[in-house]
Amino acid sequence: MTLLTQSSTWQALSAHSKNVPHMRELFATDTARFNKMSLSACGLLLDYSKNRATAETLDLLFALASNSQLEAKIKAMFAGEIINTTEKRAVLHTALRSTAEQSIIAEGQDIVPEVQQTLNKMQGFVSSVTSGQWKGYTGKAITDIVSIGIGGSFLGPKIVSQALRPYWNPELKCHFVANVDGTSISEKLKLLDPETTLFIMSSKSFGTQETLTNTLTAREWFLAKGGLQSDVAKHFVAVTSNVAKATDFGIDADNIFPMWDWVGGRYSLWSAIGLPIALLIGMDNFRALLSGAHQMDEHFANAPLTENMPVIMGLLSLWYGNFFNAQSNVVLTYDHYLRGLPAYFQQLDMESNGKSVTLNGTAVDYSTGPVIWGGEGTNGQHAYHQLLHQGTALIPADFIMPLQSHNPIGEHHDQLASNCFGQTQALMQGRTFDEALAELANSALSATEKQLIAKHKVMPGNKPSNTLLMDKLTPSTLGALIALYEHRTFVQGAIWDINSFDQWGVELGKDLGNDVLTRIGASQDCDALDASSNALINLYRQGKI
């Protein structure tokens, strides 16, 4: 057993998990449960009353956090200490949304001035493009932005841009390309005019395979459509640390935006990686996005554990994963603009906490990162919600909804909200056999049939959920929401004593993929790998099965 699972608090939680009453009983015996188990911060309200948790549960979870030195670990992250120990890096995505008055030291120097300088550079660039001052090679203004990246440099900008669609500049359209599948970029290029298209290449090394391949294809298309190599600088900019490679490509050094080692890809949307977002919604709104995240940073850093929204959410998820064998969490967004958030949170959580050894290399003997999945309501109610209600797996759910819609049409939003709240209630209380039987009392079924159908209509309830509300989806509330999930992920990793900021599983896939690519291009069939890999590579080389 590890030190964590040997601890008295862990053992107490394990014993306690077997004695928590059904949530029906918890609500029946405490009419003030919502008031006791809800919290507002940074424009968000968290209702966590529909959880399998009592005051004793929370006390034990907070004790687990304290015993795991969570508060000290939070301070260490904000202070710029080397908490990504395997890569010997600080973790300071929070510095990207700091205020100009702050001082944050990384590797012996204050990084805030450079962050502010980059934001100011972004401001000038955004102004140039959106005002029409930036011209393409034929003198026309830019109408289309193509953001080329992969992982965090793709998913963050795409999902945030999608979420903030009501704030878009109507004169601009943005397209996102990530997959190395040629179909992805080909379908985008079919829509574009090279004279009015601007490409943003986002890669720290300017050598990420998928991103570089897509960028080279974009340049070939641009040149084939009439542009010259000398015109590339008017249509390509980069977010990278490798200035030399970017300038060799044809990008003007003045149009290269920095990346830093202390920002991981899945936390990078707050940096110049967010340039597509800034172009679409303007720098004032982009700064509001940063401000909302900064407010959540301040809350996370300063609120006591018992009143700390990311801490509470992280602990509850850990509670189900480690003591109820919950293998996944579902994120359900009751707002069409937020439909991409489950995929974003999936990358954030699973790439961060999909680890199996502690910081000192000891194999864990407890579950770590759960599978994160989900979708938008009410679509999911006609699909996978069935499994949530009557399936055998326990799947904690997060419901996310703005109280006000950007598109208030008739009763649409009232119906959306009623479905959202109704689902949380149904998951919590379920339906007993007697209730199901009573509903069938006036049906034409026989007594035997009623008994049978009633059994099929039983729902156990006691299925946990959180509900997150905001007044309206704005850049600020979205920033706070994303930062909330970033810190929730940190909380769990800190207690599990794992490194939430490396991704060696991703790196292995890259290495083996490059090796296979070499073998695909070889002059002879492959026979040096395992039988399956040899056969698959050789079938691909033949081009048919």
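Placed from the backbone N, Cα and C atoms, the Cβ positions cover glycine too.
The annotation active site, proton donor is assigned in Swiss-Prot to GLU351 on the grounds of sequence analysis. Contacts of GLU351 (active site, proton donor) defined by a Cβ separation under 8 A and a same-chain sequence distance of 6+ are given as GLY151, ARG266, GLN503, VAL506, in order along the sequence.
According to Swiss-Prot, the active site annotation covers HIS382 (among others), on the basis of sequence analysis. In the three-state DSSP scheme, HIS382 (active site) falls into the helix class. In the shown protein chains, 8 other C-beta atoms lie within 10 A of the C-beta of HIS382 (active site).
Annotation for LYS510 (active site): spatial neighbours GLN209, criterion Cβ-Cβ under 8 Å with sequence separation of six or more. Residues or ranges marked as active site in Swiss-Prot: LYS510 (among others).
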So, in DSSP terms, is GLU351 (active site, proton donor) helix, strand, or coil?
helix
